[in-house]
Amino acid sequence: MHNTRDSFGSKFGAIAALAGSAVGLGNIWKFPYEVGNNGGGAFLLVYIFFTVAIGLPVMLSEFALGRYSGRNAFGTFDRLEPKTAWRYFGVLVLLAATMILSFYGTIAGWTLEYVFKSFTFSFHANTNVNLNSMFSDFITNPYKPVFWQIVFMALTGFIVLAGVKKGIERYTKLMMPLLFVLIVILGIRACTLDGAMEGIKFLFLPKFSELTSQGVLSALGQAFFSLSIGMGVLLTYASYIKKDENLTSISLQVICADTLIAVLAGIAIFPAVFAFNIAPDSGPGLVFLTLPQVFQSMAFGQLWAILFFLLLTMAALTSSISLLEVIVAFFVEEKHISRRKATVISTVIVTIFGILCTLSFGPLKEVHIGNLSIFGIFDYISSNILLPVGGILISIYVGWRFDRRLLETELTNNGELKLGLLKLLIFVLKYVAPLFILVILLHSLGLF
Ligand code: PFF
């Protein structure tokens, strides 16, 4: 009745859609500045450790739950646990999706402006614009970034409304490889800049003295954010994966693609950061301040700029769609609202919160809670609190409560996965992941 979903047409299609959700601004915009803020290589190491040791088990859990239930995140728990507090896991999911999409739209709006700027020759070779003031003039402007955010959210809403699967599956298959090739080209150019070695060293040589407990929490939050885990997005997408696909191999491929793109983005950015004397801890502006310099130093710089920001926007779109889909699927399947109405309502709500995030770089700059701006609050609460808490709950649920035989059926696919790995997985889900995440969370909140 309300189940209008189909399934992914092929394994590659499923991987492209899942990787489309995972690979996004998190990899190319956020990862480099988190590395820059948290001691370079040390952050990278901790990040990779979390991705493999905790990200992979939680991702597998989401996949197993989602494919087993064949429903959205809220509906999954509602069906599995109609009478217990687990039902309310869905509330956390909706909150996290709304918060992430709000500030995500801000940055995606910035990338759209930079697409526009590249078309209008704002930073191709031989122009003498000051990239710093160009960036700060733009983000503090009360109208322009809001305009682009609305455009981006409208695009997201439009695609979700039009029916995601065919659209996503079709064009992520094209966009993802293109983005990959482009980042490799940019990385090569960045590495051949004068002074590039400093950047490579910064990215790969760990300085543990600069890594704080906040940094460790950020690495965990970043791993969750980048893999799109801990909040039911992958659970929802997994309900579209066919029963005969190998979930373990899909998750390994998604994780490899995601980590590779993040590291490649670092390789494209840090050499340029050092070559052009930009502070590695410039925060959210890092990509927008650095890469235009690289474009200016390249033949056909304008063309590269257009391509890069267009693809970055596409990468952001394939992620924002997956976030909006979580909220829309909730309204459609649980509240029985039409897809059109659900999409309009969700898009409008998220856009309103999003505009507050966007304005917190300009007119609402003075509004602070603690030492965080509105944008900072949305980012901190969702990435560093809600996603880890979601991760703990999913690990505990699958490790302790979910029927072991069902888990086995979903993950082994007729015995393809060795039992030894399954035991290890359950051990990690039961003890390692929840404890680990909890300790880091409490520690960085100052409670431990
Ligand atoms: N993983 C996306 C990125 O790295 O940009 C962002 C994201 C999408 C986070 C979907 C969470 C999510 F559920």
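Glycine too: its Cβ is placed from the backbone N, Cα and C atoms.
Among the features that TrEMBL reports, transmembrane segment is placed at 12-29, 41-65, 86-112, 146-164, 176-196, 216-240, 252-279, 299-332, 344-361, 381-400, 421-445.
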Between the transmembrane segment (344-361) and the transmembrane segment (12-29), do 3 or more CB pairs sit under 8 angstroms, pairs being 6 or more residues apart?
no
Taking the transmembrane segment (41-65) as the first stretch and the transmembrane segment (252-279) as the second, find out whether 3 or more Cβ pairs fall under 8 Å, excluding pairs closer than 6 in sequence.
yes
Counting only residues at least 6 beyond its ends, the same-chain positions whose CB falls under 8 A of a CB in the transmembrane segment (381-400) are 54, 57-58, 61-62, 64-65, 86, 89, 92-93, 95-96, 99-100, 103, 217-218, 220-222, 224-225, 229-232, 407, 426, 428-431, 433-434, 437-438, 440-441, 444-445
Same-chain Cβ contacts of the transmembrane segment (176-196) under 8 Å, 6 or more residues past its ends?
16, 19-20, 23, 28, 257, 260-261, 264-265, 267-272, 274-276, 291, 294, 297-298, 304, 307-308, 311-312, 314-315
State, in range form, which of 146-164, 216-240, 252-279, 299-332, 344-361 has the highest count of Cβ pairs under 8 Å to the transmembrane segment (86-112).
299-332
Chain residues in Cβ proximity to the transmembrane segment (299-332) (below 8 Å; excluding those fewer than six residues from its ends, i.e. six or more beyond):
2, 4, 17, 20-29, 72-75, 90, 93-94, 97-98, 100-101, 104-105, 107-108, 111-112, 114-115, 117-119, 121, 123-125, 152-153, 155-157, 159-160, 164, 168, 171-172, 175-176, 178-179, 182, 185-186, 228, 231-233, 236-237, 291-292, 338-339, 341-343, 345-347, 350
Near the transmembrane segment (252-279), which same-chain residues lie under 8 Å Cβ to Cβ, leaving out any that are not at least 6 residues past its ends?
15, 18-19, 22-23, 26-28, 31-32, 35-36, 40, 44, 47-48, 51-52, 55-56, 59, 176, 179-180, 183-184, 186-187, 189-191, 193-200, 202-203, 226-227, 286-287, 289-291, 293-294
With pairs fewer than 6 apart in sequence excluded, do the transmembrane segment (344-361) and the transmembrane segment (146-164) have three or more C-beta pairs that lie under 8 Å?
yes
Long-range Cβ neighbours of the transmembrane segment (421-445) (under 8 Å; 6 or more residues past either end)
53-54, 57-58, 60-61, 213-214, 216-217, 220, 248, 384-385, 388-389, 391-392, 395-396, 398-400, 404, 407-408, 411-412
For the transmembrane segment (344-361), could you work out the same-chain residues 6 or more beyond its ends whose Cβ comes under 8 Å from its Cβ atoms?
98-99, 101-106, 109, 139-140, 142, 145-146, 149-150, 153-154, 156-157, 160-161, 324, 327-328, 331, 337, 367, 373-376, 378
